[in-house]
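Annotated features, as they stand in TrEMBL:
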| type | residues | note |
| --- | --- | --- |
| ACT_SITE | B:SER541 | active site, phosphoserine intermediate |
| BINDING | B:31-38, B:110-114, B:165-168 | GTP binding site |
| BINDING | B:GLY467, B:LEU468, B:SER469, B:GLY470, B:SER471, B:GLY472, B:LYS473, B:SER474 | ATP binding site |
| DOMAIN | B:22-237 | domain 'Tr-type G' |
Amino acid sequence: MLDQNRLTHLQTLEAESIEILREVAASFERPVMMYSIGKDSSVLLHLARKAFFPSKIPFPLLHVDTTFKFREMIAFRDRTAEEYGFDLITHTNQDGVRDGINPFDHGSSRYTDIMKTAALRQALTAGRYDAAIGGARRDEEKSRAKERVFSHRNASHAWDPKNQRPELWRTFNTRLNPGESMRVFPISNWTELDVWTYIYSEQIPIVPLYFARPRPVVERSGTLIMVDDERLPLNPGETPKEEVVRFRTLGCYPLTGAIRSDAADLPSIIMEMQASRTSEREGRLIDSDSVGSMEKKKQEGYF
Amino acid sequence: MSAIPATADNSLDLWLAQQTEKSLLRFLTCGSVDDGKSTLIGRLLYDSQLILDDQLASLKKESHNRTVGDEGIDFSLLVDGLVAEREQGITIDVAYRFFSTDKRKFIVADTPGHEQYTRNMATGASNAELALVLIDARKGVLTQTRRHSFILSLIGVKHVVLVVNKIDLVDYDQEAFDRIVAEYRAFAEPLGFKSLAAVPVSALRGDNILRPSENTPWYEGEALVPYLETIDVSEDRTTEKFRFPVQWVNRPNLDFRGFSGTVASGTIAVGDEVLIAASRKPAVVSRIVTMDGDLDHAIAGQAVTLVLDREVDISRGDVLSRPGETLDYSNQFQARVVWMNEEPAYPGRSYLLKIGTQTVPATITDLKFRTNVNTLEQTAATKIDLNEVATVTLNTDKPIAFDPYASNGRTGGFILVDRISNATLGAGTIEFGLRRAQNLTYQSFDVNREVRAQMKGQSPRIIWFTGLSGSGKSSVANLLEKRLTAEGRHAYILDGDNVRHGLNKDLGFTEAARIENIRRVAEVARLMADAGLIVLVSFISPFEKERRLAREIAGDTDFTEVYVDTPLEVCEARDPKGLYKRARAGEIKNFTGIDSPFEPPEDAELVLHGAEAGPEVLADQLHAFLKL
């Protein structure tokens, strides 16, 4: 592991992230780790296991289930929780379920507000969590590039981007007033390539949806949507086609675009990514509603 | 679990190995507003082909009605990520960007130029190894250029590249470039950067970014990117002293108790002895635990869990070191602070201080001076305003373990937090400890100062004489001692020259040695006063800073500063030891009054005018003043 008394780039990033995770465990009373089941969450989970070994992860993992996640994601989540024995909390906005909120009838923006952003706020408030750890990276999106590692939220979970706390060295200010909370991003300084190479070198299990396979899809305004279950309404004359596709990010299946790809294993994914000329979040429909949409969501409490 | 589809692919492994070989450079861009920082980063990302197709398309759309280069893009839009920033066309907060070339990986922090957002610039600087200081070739060195450079030196960024941008707008004029570089070098000289290069560029047009530009044939240095790819900024933290701040106590069950943390500096191996900074208790490392298996040793930067061979009381905030290489452990130290809050800092106010994994209440006990960012001049101050830098003495409620920031950046930097709002108010770097912690070196005995003083029938005190060589300090001190002895009191003279021959004969005349000289004498004086004596210290002590240090060391011991104010001409005419003659002849350097200044004390308890009366009269005046 040690090469001439120098850590490699990935070892440096890993150690930094572990330090951040330990700082959370040591400084907060009720931390929670957001578990979105995606590749970044898988890396985060792996880092948390390393940070506290041989202890178990000293905080629960929280999954906000919008009820429209890919079925493979849910299966993977439950298998992973069982294998590693962490404390898994799932939360769904029951008001949304009662009102039958879905992305088709209510639009992606309103659906996300209710089933994701509001649901997250509900879960954080209900759990009285004072720190929520997330897997966001600064290379993902412009407003994320600006966010602190320890990102302060007021009592209504809102982010004030114009007035962030200074963050010096790795001396994090973890102090809060009653009702306030912290969002913590241990892999802020990782790039997408770092995440993939780390998954490869550490052999971290990820949801198979990342790997190319024949899947039933429909193409809508240039985006490939996978028909994961019968809830996806088909337009007149639209029939699902089997295509070899994979996903670069995972979320709610009606809102997550697939890409045509033959990359069926990690090396091919990494190679494909190196050649790729589009950014990772392009496949996410929620970001493209308007310029600054991510920042707006974050101010409202979205991760 | 689902198996990972991982094929044995040699070419990927090779490629990955190359990625691993690449070093990482963290740098920031800073400088005044509108000097083109964001544009430069956009240019770097564009030229290293990191701007992806979808980003490029949306950029072109947004670049409408903006200043664009040949590519039709306003590069600054790439980095200004907040809506308010795009609306106002300014950068408010630091943005982190990632790019890599064939030779290196880069994380760049784009920091705001406006003075009001200086704290965000400091945030970006605190994790950077190198800084690009941008200057608009038309405007030259501005206040903000100086402020940022000063903060870089305070935060500990050691390498600087002066990027003279918009060189196209001054017609690629070499004279303009040379003038700016000369002015900056003159300013930056005392800031002590390890390396300082200067490049003329146009971020908008791409001159001297990737390769030397034809427009600047007179520039013989490297283009910016090749320079960044090759500059050596490595600081081998593994060769420094071992420091391990305990972050989290790892206790999964009754059989395991480990101490989790990151090796801040140095290395540690199984079998090594360690010492706990606070309790001074030793222990031996029996295991270095990670999820990937136990290690036989760990190096700076690694996050590990140490298991020790015996039961010792250790909790978060403790710092482990090796015996003989221990940290400072004190509740009083001198530090430089950059203030980051609209509400100014005042001496006497209580804050929370966080250093490494330790958090303690702390008070600024003395505001020594403020440093003017334009001139680096030190001026007196009663408070520290937003974005100002000041040198202060801090007192913590309980002792903390630390190193001077100059010797260890990981264990010498701290933040100050508001006790009510919990806002981060400021950041500081420790210069040196002022007093060893009470509970550590101060053994408390049944016989204390009061008892000893009663025995002697006198109240112990320190009388500190300051003044030029030949001013009459020693003569007055001598006469006073004689008189006190005649009165049956027990006094003792510590004389500058005599101490230099013994206790301090290992010290030279550098600034650090001079401070150490004063520190030792002040400590000795305090011990003697503690023993019940009246201590007369006769030292030129020309600098206010050092006299104040002596006063601080004295602590609650009665301290009287006596300024023997005799004009230089008079002293030089007396020249009892022939020193002035030798100094004038150039045989003695740094001689006070000749080629080294004397700062007259402003708050001396008593001033004696050495030219107006003889030593006997002065000794009488002093004796009367002391009311012994």
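Placement of Cβ uses the backbone N, Cα and C atoms for every residue, glycine included.
Feature map: TrEMBL annotations on the structure.
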residue	record	DSSP class
B:GLY31	GTP binding site	strand
B:HIS114	GTP binding site	coil
B:ILE167	GTP binding site	helix
B:GLY467	ATP binding site	coil
B:GLY472	ATP binding site	coil
B:SER541	active site, phosphoserine intermediate	coil
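Taking each Cβ in turn and tallying the other Cβ atoms within 10 Å, the top scorer among the recorded positions B:SER471, B:SER474, B:SER541 is B:SER541. Of the chain residues outside the ATP site list B:GLY467, B:LEU468, B:SER469, B:GLY470, B:SER471, B:GLY472, B:LYS473, B:SER474, B:ILE540, B:VAL564, B:THR566, B:CYS571, B:GLY610 have their Cβ within 8 Å of the site's Cβ mean position. Candidates B:GLY31, B:ASP34, B:LYS37, B:THR111, B:HIS114, B:SER541 (recorded positions) were compared with B:LEU468 (ATP binding site); those inside 10 Å Cα-Cα are B:SER541. Taking Cβ-Cβ distances under 8 Å and a sequence separation of 6 or more, the neighbours of B:GLY31 (GTP binding site) in its chain are B:LYS37, B:GLY113, B:LEU132, B:VAL133, B:LEU134, B:ILE135, B:GLN144, B:THR145, B:HIS148, B:VAL163. Each residue contributes its Cα atom, and for B:THR111 (GTP binding site) and B:SER474 (ATP binding site) these two points are 56 Å apart. Counting only same-chain residues six or more apart in sequence, the Cβ atoms lying under 8 angstroms from the Cβ of B:GLY467 (ATP binding site) belong to B:LYS473, B:ILE540, B:TYR563, B:VAL564, B:ASP565, B:THR566, B:GLY610.
Nearest neighbour of the residue listed as 'active site, phosphoserine intermediate' by Cα distance, taken over the binding-site residues B:ASP34, B:SER469, B:SER471, B:GLY472, B:SER474: B:SER469. When the C-alpha distances from B:SER474 (ATP binding site) to the binding-site residues B:ASP34, B:HIS114, B:ILE167 are tabulated, the minimum falls on B:HIS114. Between the CA atoms of B:SER469 (ATP binding site) and B:ASP34 (GTP binding site) there is a gap of 53 Å. Between B:GLY472 (ATP binding site) and B:ILE167 (GTP binding site), the C-alpha separation comes to 61 Å. In this structure, the C-alpha atom of B:ILE167 (GTP binding site) lies 58 angstrom from that of B:SER471 (ATP binding site). In the three-state DSSP assignment, the secondary structure recorded for B:LYS37 (GTP binding site) is helix.
In this view, B:GLY470 (ATP binding site) is surrounded by 24 other Cβ atoms within 10 Å of its Cβ, with every protein chain counted. Sparsest Cβ environment among the binding-site residues B:LYS37, B:HIS114, B:LYS473 (other Cβ atoms counted within 10 Å): B:HIS114. Within the same chain, residues at least six positions away from B:ASP34 (GTP binding site) with a Cβ under 8 Å of its Cβ are B:GLY113, B:ASP136.
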